[in-house]
Amino acid sequence: PSLLYAYDALEPHIDEETMRLHHQKHHASYVAGLEGLSTSTPSNSCLHNLLGGMFSNGGISEKDKDILARFGGGHYNHSLFWQYMSPESSKADMSPFLTDRIKSDFGSFEEFKREFNDKSAKVFGSGWCWWVFNTKQAKSFIATTKDQLNPIMDDVHNVCLLGLDVWEHA
C-alpha cells in the first residue's frame, strides 16, 4: 500500500533511507511472496480473514500456513505499522477508547509505556511487540511475536492497536 506521508516525514526519528528500504524492498517482498499461495486458498478473501485464527483453522494446508505466516504476516504487520506512525501526533490525539483501555488495563499511560518498552526490549532476534485488544474478553494486553507472526493468527478476537517492528533491521 501507499504511505500516507512522505518517506522523510518521520525524520529525525526514522530517516528517509530506512523508510524507503522498509517500504519498497522489505514490504514489497512480502507482497510478492503471497503469490506462492495455492489455488485452494480463497483469493477473494481479505488478508485479515485469512490470517485470523489460521493456526486453529483446519482448512488451510501446512504449505499455505507457512506462506501466510511468513509473507502474509509480513505484509499485514507492515501495513499496520505504516498506519500506526504519523509525522505529527501527540498523546492528546489518542481516542477516548484507547485512553480508557490504558487506564483500565495498565493503570496509567506511564505504566503502559514501561510495559510496552520492557517487553519490546526482551524480543530476542526478529519479531514484533503489540498492544492488543481482545474483543471477546474486552481487555487489552501487550504481546510479542516472533518473525512475522501476529496475535490475530492465534485468536480471531485479537485486534492489534499498536505494533512495533523490533527486527534486527528495524
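A Cβ is built for glycine as well, from the same backbone N, Cα and C atoms used for every other residue.
According to TrEMBL, the domain 'Manganese/iron superoxide dismutase N-terminal' annotation covers 1-86.
The feature Mn(2+) binding site is assigned by TrEMBL to His22, His78, Asp165, His169. DSSP classifies Asp165 (Mn(2+) binding site) as strand under the three-state reduction. When other Cβ atoms within 10 Å of the Cβ of Asp165 (Mn(2+) binding site) are tallied across all protein chains shown, the result is 19.
Residue counts for the domain 'Manganese/iron superoxide dismutase C-terminal' (98-170) by DSSP state, with H, G and I taken as helix and E and B as strand, are 25 helix, 24 strand, 24 coil. What TrEMBL records for 98-170 is domain 'Manganese/iron superoxide dismutase C-terminal'.
Taking Cβ-Cβ distances under 8 Å and a sequence gap of 6 or more within the same chain, the neighbours of His78 (Mn(2+) binding site) are His22, His23, His26, His27, Tyr30, Asp165. In this view, His22 (Mn(2+) binding site) is surrounded by 20 other Cβ atoms within 10 Å of its Cβ, with every protein chain counted. Across the domain 'Manganese/iron superoxide dismutase N-terminal' (1-86), DSSP classifies residues as 52 helix, 0 strand, 34 coil.
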